[in-house]
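Undergrad: What TrEMBL shows for this protein is this:
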DOMAIN    A:32-361  domain 'Aminotransferase class I/classII large'
MOD_RES   A:LYS226  N6-(pyridoxal phosphate)lysine
Number of protein chains: 2
Amino acid sequence: MRFQPALDKIPVYEAGKPIELVVREYGISPDKVIKLASNENPYGVSPKVENAIREAVYKMPLYPDDSYRNLKDALASAHKVDAKNVIQGNGSDQIFDFATRSVLDPGDKILQNGKTFSMYSIYAGQCGAETISVDSVIHDLDLFLDSYKKNSPKIIFICTPCNPIGDALNKDDLFSFLEKISPETMVVVDAAYMEFGKTRDPRKEVQASELISKFPNALYTNTFSKIYGLGGMRIGYGIGNEELIQAFYKLRPPFNVSQLSQLAATIALEDRAFVEEYLKANLKELLRYEAFAKTKGLPYFESYTNFITIELDKARLTSTSLFETLLKEGIILRNLKSYGLNAIRITIGRPEQNDIVLDRLEKLL
Amino acid sequence: MRFQPALDKIPVYEAGKPIELVVREYGISPDKVIKLASNENPYGVSPKVENAIREAVYKMPLYPDDSYRNLKDALASAHKVDAKNVIQGNGSDQIFDFATRSVLDPGDKILQNGKTFSMYSIYAGQCGAETISVDSVIHDLDLFLDSYKKNSPKIIFICTPCNPIGDALNKDDLFSFLEKISPETMVVVDAAYMEFGKTRDPRKEVQASELISKFPNALYTNTFSKIYGLGGMRIGYGIGNEELIQAFYKLRPPFNVSQLSQLAATIALEDRAFVEEYLKANLKELLRYEAFAKTKGLPYFESYTNFITIELDKARLTSTSLFETLLKEGIILRNLKSYGLNAIRITIGRPEQNDIVLDRLEKLL
């Protein structure tokens, strides 16, 4: 059988190692494993969500309300937009998929940062499109603009704050950049880590309502996987002008978010106290890692997220070797070798998890 | 912004009306609503699954094990194939999406039954492909063969038992047909209702292992939404030869099935008694509807599923009018008008639900 030639070129996404793997491979008991590899919420999920899901198990047999009205109304209200500007996704991943498939033809181009979330390029590749990566580790909008002019990409992906580096753009800089982009070019602003960013520095805050009213070609995406602690439930969303959202709806499979997931997300939005407490604790613990890196003289990226990326001195230790040493002890971090960096990305854990990790790093680095 | 021209032609999937809608529109209390519109399991889900999910809510923050090893091993064992032959989907819908996107170019064709599950055509349309529908209500493989020869489709979709009609092919007839199809043409056998079919007549049973070993171009798909009562959890799967499954993996988004969904599916597979009891009860109650239709002189399709499709005498009543009358009373059935039929599709409910529905139909028809 002849498959789409585009498939040959698609790289495979490398996910953070799951706890199950460490249990299987090294016989470590699941409650002993410290997983700080996938930027999940180390405090879990709001107890209100847990209770709501326990009570809603009887709903599992029923297809979701395919209008997703409750969830979309809640999101619209949280972001001060109309429900018509919102589309829910099976993770924000699915929104990237809608974005690429709605405009890209084989041979088209997308533009992204040198180091960024790897799925943009994978979805673009599925459409037969080419990925142009700006030659920068931290987002450099001047370089973006040069490359935009040279390559005429159909989509620009901006990840702010950026995974896996941790940097974030000032809103004013982003908006100045957007003013120079043709309204025919879609600009995706992946705001998965936005609340962490604005907690550290309010200048980083990009609000969906302001973004889409000023730039009809912009798409704001966000996720319930990070601050809301629902990574396992697969819920993200996109906010954009109505024409864009309607195009995405043409590509949306029915029931694209599960019954329990949409409920979990709707309840999670209501428990703002849970989120605020996490944001505060995260920043406090993040600063411990930065202090550690400073003391050790290790280069790190100032982080506006719930993780920190630390570069290693290659002569002494590769990220792969550090990653593997810790994996065998049941500590799962993220090796950034596949991003072309001799660096390790550590999700900021709970204080007691960070104590253990910092203690081990102190000895190993 | 210029969107893919293929998007213009995509019809919108019409889902069964959710309970939430009836509650909103007609102020009927949710526990008074009888929803027999989406072929969900009216007995719900296995209590073992409910318990497992209640206990697993703490897993919501964690991304699933992206290898889906537990679920795939369980499916491989249930279907006597290798885990390499299995891919999980966010509903079997997602498997159809993988199938179409892996081979279809704009201008290509797919072949399907005259009346069939509407998503095949929607996914094909997203690829810019054309849908050729055989001019038959019940699958007619001779007509399929004629059309196949004339149109050279890249994919043939066979839905057996078939939604929304209820008919099923004998396995021997299907296999004779498959022998006449080029190995370059993918044949998708959508077996979502297979267990209902084989319960009524063992000749209808198509086993995944036999299908894919005899026909490397065949893809078997199934779902947890029907017999396992997990419609709201969005889990389906495809079974095919390794080359096919590997191509699909290139298109699979990471974490495509939620943490709780994969757990629910894995546990559901273990509770065979729950399924067997449902299959027995379903057939018994289905025969009540067939007897009713016979008595009334209403044409119906002998059903190998958990629903029955009854045609209405247009002169007396349209399906739209019957549908709307009952909707206002809190009884949700499926109007098949959009399929070009003056017919109503009724999911076989629990005995007490069927009592009420049959009583109303007795008076209205």
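Residue positions begin at 1 at the first shown residue.
Using N, Cα and C of the backbone, Cβ positions are placed for all residues, glycine too.
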Undergrad: Under DSSP, is A:LYS226 (N6-(pyridoxal phosphate)lysine) part of a helix or a strand, or is it coil?
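TA: Coil, per DSSP.
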Undergrad: List every residue in the same chain as the residue listed as 'N6-(pyridoxal phosphate)lysine', at least 6 positions away in sequence, whose Cβ is under 8 Å from its Cβ.
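TA: Same-chain residues close to the residue listed as 'N6-(pyridoxal phosphate)lysine' (Cβ under 8 Å, separated by 6 or more) are A:ASN39, A:GLU40, A:ASN41, A:ALA192, A:TYR193, A:GLU195, A:PHE196, A:ASN306.
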Undergrad: Across the domain 'Aminotransferase class I/classII large' (A:32-361), what does the pLDDT come to on average, as a whole number?
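TA: Mean per-residue confidence for the domain 'Aminotransferase class I/classII large' (A:32-361): 96 out of 100.
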